[in-house]
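Trainee: In case it helps, TrEMBL gives these features for our protein:
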{"type": "TRANSMEM", "residues": "C:12-36", "note": "transmembrane segment"}
{"type": "TRANSMEM", "residues": "C:48-67", "note": "transmembrane segment"}
{"type": "TRANSMEM", "residues": "C:73-93", "note": "transmembrane segment"}
{"type": "TRANSMEM", "residues": "C:152-175", "note": "transmembrane segment"}
{"type": "TRANSMEM", "residues": "C:206-225", "note": "transmembrane segment"}
{"type": "TRANSMEM", "residues": "C:237-259", "note": "transmembrane segment"}
{"type": "TRANSMEM", "residues": "C:271-292", "note": "transmembrane segment"}
Amino acid sequence: MNAIKNWLMRGGYGSFVILALILVVVFPLAMDIFRLNLVGKYLTYGFVAIGLVMLWGYGGVLSLGQGVFFGLGGYAMAMFLKLEASDPESTKIQSTPGIPDFMDWNQLTALPLWWEPFKSLPFALFAVVAVPVLLAFVVSFAMFKRRVGGVYFAIITQAVALILTVLIIGQQGYTGGVNGMTDLKTLLGWDIRTDGAKYVLYFVNAGLLLGAILLCRWIQLSKLGTLLLAMRDKEDRVRFSGYDVSMFKVFAFCLAAGLSAIGGAMFTLQVGFMSPSFVGIVPSIEMVIFAAIGGRMSLVGAVYGTLLVNFGKTYFSESFPDLWLFLMAALFIGVVMAFPNGLAGLYESHVKPWLARRRSAGAPATLPVPPAPAGHAAPVKAEPALSARVSGQTA
Amino acid sequence: MSNTDFVLAIEDLTVSFDGFKAIDNLNLYLDRGELRVVIGPNGAGKTTLLDLICGKTRASAGSIKFKNEEMTRLPEHIRVRAGIGRKFQTPSIYENLSVFKNLEVSFPRGRGVFGALGFRCDDEVRAKVDEVAGMIGLADRLDMEAGLLSHGQKQWLEIGMLLMQDPELLMLDEPIAGMSAKERELTAELLLRICRNRSVIVIEHDMEFVSRIAHKVTVMHQGKILAEGPMEKVQADPKVIDVYLGH
Amino acid sequence: MSFDEIYNITLMQGFAGLSLFAVLLLMGLGLAIIFGQMGVINMAHGEFMTIGAYTIFLFSSLTESLAPGLVQAYFPFAIVCAFLVAFGIGWLTEWALIRHLYKRPLDTLLATWGLSLGMQQVFRSTFGPKEVSPTLPDWLMGSWSPAEGLDIPINGMFVLALTVVVTGSVLIALYRSRWGLRVRATVSNRAMANATGINTRRTDRLTFAIGCGIAGVAGAAFTTIGSTGPTSGSLYIVDAFLVVTFGGAASLWGTVVSAFGIAQTQSISEFFLSGSMAKVLTLLLIVTILMMRPQGLFAAKVRR
Amino acid sequence: MSSKYDNVPLSPERRRLLQGLAALPLFGVSKLGFGASLPTAQVNTTGLAITDTEVTVGQLHSATGTMAISETGSIQAEQLAIDQINALGGILGRKIKVIKEDGASDWPTFAEKSRKLLVNDKVATVFGCWTSASRKAVLPIFEKENGLLYYPTFYEGLEQSKNVIYTGQEATQQIIWGLDWAQKEKGAKKFFLVGSDYIWPRTSMKIARKHIENFQKGRVVGEEYYPLGNTNFNSLINKIKVAKPDCIFAAVVGGSNVAFYKQLKAAGITGAKQFLLTLSVTEDEMLGIGGENFAGFYSSMKYFQSLDNENNKVFVESFKKAYGPKAVIGDVTQAAYLGPWLWKAAVEKAGSFDVDKVVAASPGIELKTAPEGYVKVHDNHHLYSKARIAQGQADGTFTVVAESSDLIVPDPFPKGYQ
């Protein structure tokens, strides 16, 4: 017992276990499949948020173009699903049956060559991660080698997001344009639109997200994590200790890109389509705020931040659509001005000392684990939104 | 000059910022095991010289050879791995990490991305940390957060972080600035101890300290070398006196 | 196609590039001051432009209903007012928001992004979601036709002239006025500037407000060539940042040159390629050059 | 938005309770009170949110974001029609209750909200969507959950769904007659096609090109697309000047529209000198563009606010009464207004709110009171409607100059145009 307890305390895994319980047990029991599917969708943004924790919180590099990777991952998945949905039988109404509908609308008469490999699921899954990571590598290698950092990097990632959006929209014969790729139906014959499939996908998604958190936590606890933190404060010292600082940043950027891409692919599977509205600048910045609200240093906090903002968005846009933007604005400004470390920081600075005071008599004092992910601060905060949504649903 | 016994051979080194020559056609040779002190008035180009050697600044012209290998075009981390260590003027340590972590991170293993991922703190690392910590007098402070150390201790820690890598050339920019007399004394001893098996370049203003540690002194002025030699000789040089007193 | 026609088209295309240059420069100028001189990333810059545009619209509506006779004359006053309104709001923004964040430049980015969202909603609640156009005086409409088949847009000339005036004033102010001296002193060494008796906080606030005011003028000028809606500002913001970054943030001349380069590239490639591809090409070119020369076109070499 | 549309949905428990009560055959007091003709159990066999006194419908448009500019008119028109229907006693004795959702100009949000309306709120029908992208995003959901959508915008065609009634024109209805008119009346042979870069302009221009080249034996001297939101058209205008077309055929949308016409005017291309026919300027867009910039150009639509008939006079009057004298009505606004009325007619014909029955009853539904004149639902779920050309005036209004003599048959998959 004590061994487990120690393990939980040491790595800050306690909050992880709580999150896992919430995602895997509480949500599925408390929500109907419609709400659960929504949560699943939010959690796909969680991948981006934890990627940003690694990149921004740990690496000190802010990217305003994470939507690019989310989108690329999503598109790679969507291409496979779209091809499967476009068998000659169900597209016989087209002038060229057997190719995706949007190609037919744009007078393409044959499947473009670079689409061919996406007929294979293993290739598509490989591409989901490989394409975004490769792009991330090319972009970041060039820039970090030349010491482009901070604000400049953020602005260039924005430009990349803009370029990709314009490209996707402009090349609609190959990409589906503004509409994106819609009407995705089956994965190797398995209908992803049924309630059963949505449950399965939700658990796969939650599992992957928890796995991703563990992976990132492991990286944080490795020397690489120490170096990332060290670089953020004393970049020159790290460089003059013989480390190739730029490669560490490239790694963080590629890691964040790969995670975002997995999120994108899971988004496509759960929502049933992919569109360029995720690639652009606005969604990319929104994803940054998910991480900022949760706490840019806390993996678990970032997931809570994502859930909280999205629950808020859904709730407010249903009830007070006009207020939503004001609330979003207030969140941005408030978090930046008052709680730079987000909910996790709030938990560290207020809730934890309070809990400690209450317990101070019995339990031994806990060692402060500097960047420990926050635990129960967020769910407490999220409760009003949650209960409003959950009430009356069948369990 | 091709192959030499010098650990460091700098020839015709020039760097200019928008036409202003901070280092102007400079030549400097450093022997193995030598402790060289560079002195000179403010703006003479001392720190710029160290920046050029370690790669922080790129040379406009000239050559820097370390153990007969051309360094001028190499990136900083490669120069460090070749054996050049640099300490900055203000103590540059990881304040949020423990002393132990500070030293551990500086251990020259697992320097690539995946190497760092797989790095484990084994006995070899611990032994090295203990050894260095003993040298810099922080053996009993290993678990302390580095930010809580005194100013002098921070300076020593940074030197210790360099020692973790066993560099063949160690460059220290004003290591005793802001130290108490007692700390200066300890630092001088430390420097004399560590230069036994490596070369050291020190930038310093404190003449008493300089005369205590220096094997040889180089006087810089306006990006050029004004004089070079043993302390007594340099101190007697009328050009040097002129530069120091004429201003 | 006759020689005359080719000549005319070349002239008009040349002017198209010039007027795009004017637009980009006007967008970038305010930002160059705020971002370049102060290091603050103002994502609400586009919304400050929108403030200017709505000021013109308000003026136009008021003039039409209260003093229809003055429709031909209101525009210059409205531009001055656009500057003042944006200046005032910029002043307030600096006081309420920006001054707390000087040490965290990436956080100013997030906070001002939030601000821009809020401002958009204010516009929507005040002016409605639909796009509006002020009634322009007749002298701003149509074209100047010095020869058959040659039409030079008057609104383009107006924007160009305004850009020249604004840019000129900014350059003069920055290099000839006491404010400029204070700004440049603060930029190069804040602590020293403070020590020599410059009130850097006041300088910051004034600088930020002036940058916002120029954004307001830009927005006002754009009402002659485009539309104004609650989200118009977000159309401009990335372009504006690219212009400034590409030019080299700290240099106003860089901004001028980069606006010129980007405008000519885009305008010429648009003429020979499709509109979407021209945009992609221009952006790719900018990003590639920035990757090779991250400090931008013009950057001061500083001994560090 | 005015607060009068903020309908707070019933909580699910309460709704279930009401449904349960209504299912009790003896509990028919309220029915008598409202004089309803049919018991709920009979008109609602699929568990929709219908009580003895109320039928719940959804409305799904963008109240925020870039598309709010365009969709506001549709929101208002649908609400007006619903208010009017309610004032007449509702449908099958039940008042219409609206759950309004905001798609926020974001396609995934549309998908999320449509699923909420269908799965959670069990609405009987949805009036909504504006852009093709939002419709494409919700379409699989409507087909999967068997919902019913009334879609108001003129669009690119190439689609036909059991679960959608398209109250706007598909592309051929808007384009072909207009091009023929341009050829006949204006003698246009050389066309320059300009559009924003997305599916609707591209498909429209594809149809236009085929028609011009294969059927009219004319020439397309240029075809250009600009990114959505582009505001700089000077290079394009020079290209047009080089090509010297008889007709500029335009489908530029959104904020680009305003910049496009302002810059045309500034470059000396005015209605007096150049013939321009557009598919994308209604009275709504005119507000932003400004009449002086569009004066003399032509627009091809099925409806204009200035249409001179009794239905339209009444409609315009009630619309202005509801939304102020400055309110304008564009083509889509009118098409959106048709939605609730077409649904009412279909429900009453079917005698049921069940989606399958309403869908089955829809083809052949006529509306003699439509502001645009007589319309009828085709078997392919699009409307038969007339095509009209109107010329923009300096005061921002349109003057109708031509009207097809017959209703044009909708043909979402036109042969010879693919």
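Cβ atoms here come from the backbone N, Cα and C positions, even for glycine.
TrEMBL does not curate its annotations; it predicts them automatically.
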Trainee: Check the transmembrane segment (C:237-259) against each of C:12-36, C:48-67, C:73-93, C:152-175, C:271-292 and return whichever range has the most CB pairs under 8 Å.
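Mentor: Per the Cβ count, the answer is C:12-36.
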Trainee: Before we move on, state whether the transmembrane segment (C:152-175) and the transmembrane segment (C:12-36) share at least 3 Cβ pairs under 8 Å, counting only pairs 6 or more apart in sequence.
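Mentor: Result for the transmembrane segment (C:152-175) with the transmembrane segment (C:12-36) is yes.
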Trainee: By Cβ distance under 8 Å, which residues at least 6 away from the ends of the transmembrane segment (C:48-67) in the same chain are close to it?
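Mentor: Contacts with the transmembrane segment (C:48-67): 27, 30, 42, 74-75, 77-79, 81-83, 85-86, 89-90, 119, 123, 126-127, 132-136, 212, 215-220, 222-223, 228, 230, 232-233, 236.
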Trainee: Take the transmembrane segment (C:73-93) and find every residue of the same chain, 6 or more past its ends, with a Cβ under 8 Å from one of its Cβ atoms.
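Mentor: Hits for the transmembrane segment (C:73-93): 44, 48, 51-53, 55-56, 59-60, 63, 115, 136-137, 140, 162, 205, 208-217, 219-221.
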Trainee: Please indicate, using numbers and ranges, the residues of the same chain that are 6 or more beyond the transmembrane segment (C:12-36) and have a C-beta under 8 Å from a C-beta there.
Mentor: 42, 45, 48-49, 150-153, 156-157, 159-160, 162-163, 166-167, 170, 174, 207-208, 210-215, 217-218, 221-222, 225, 236, 239-241, 243-244, 247, 249-252, 254-256, 258-260, 262-264, 266-268, 271
